[in-house]
Amino acid sequence: MSIEEIPQGADVSIVPNKNEKKAKELIKKLGLKQIKGISRVTFKQRGNLIYAIDAPEVYRSQAGTYVVFGEAKVDDMNQRIAEAQAQQAQQEALQKAAADAGAAGDDKSPEAITADLEKASLQGGESNADAAEDDNEEVDETGINPKDIDLIVEQTRVSRGSAVKALKKHDGDMVNALMELS
């Protein structure tokens, strides 16, 4: 029987393996009582590291201690927070792009898209002409680390003069210079 053939909400029992059977028999001998209705158990460790067990089997002893069975998965809260922030930023960017597209009222017919691409390629050709002019003129590199210039030239494949201008424009900030040139 495949997964597609099992109706949703059907009562499906999983056959436990030999070790699980032995552990459950020992639990019954110890007098532990099963607690129903628990959907998730988490154990927190230093550094926002969390071990999570989804759909656990939880037993309670007379002394008040708990025994938990299930598959533990490491759940890093810092990673979850970073993912949530990235997802939120992506949603905001999509909303902003949708608002910009709606406000501009641009026609997205094939002819309009072709015209936009041609316009962009013409503008790109003009910037290439500017880059050719940058190659011919000397640029003052004082106050800028030559290794930074070399790295930007290597990463963006622009002229050395363009890299120096971008670094000076952003006060030596390599990240912003790279973003501008790429």
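Residue numbering: from 1, along the chain as shown.
Even glycines carry a Cβ here, placed using N, Cα and C.
Annotated compositional bias 'Acidic residues' per Swiss-Prot: 131-141, in sequence order.
When pLDDT values are averaged over the domain 'NAC-A/B' (17-81), the model yields 84. Taken from Swiss-Prot, the feature domain 'NAC-A/B' covers 17-81.
The domain 'UBA' annotation in Swiss-Prot covers 144-182.
Sequence annotations record features per position, and here Swiss-Prot assigns region 'Disordered' to 120-148.
The domain 'NAC-A/B' (17-81): residue composition by secondary structure is 18 helix, 28 strand, 19 coil, according to DSSP.
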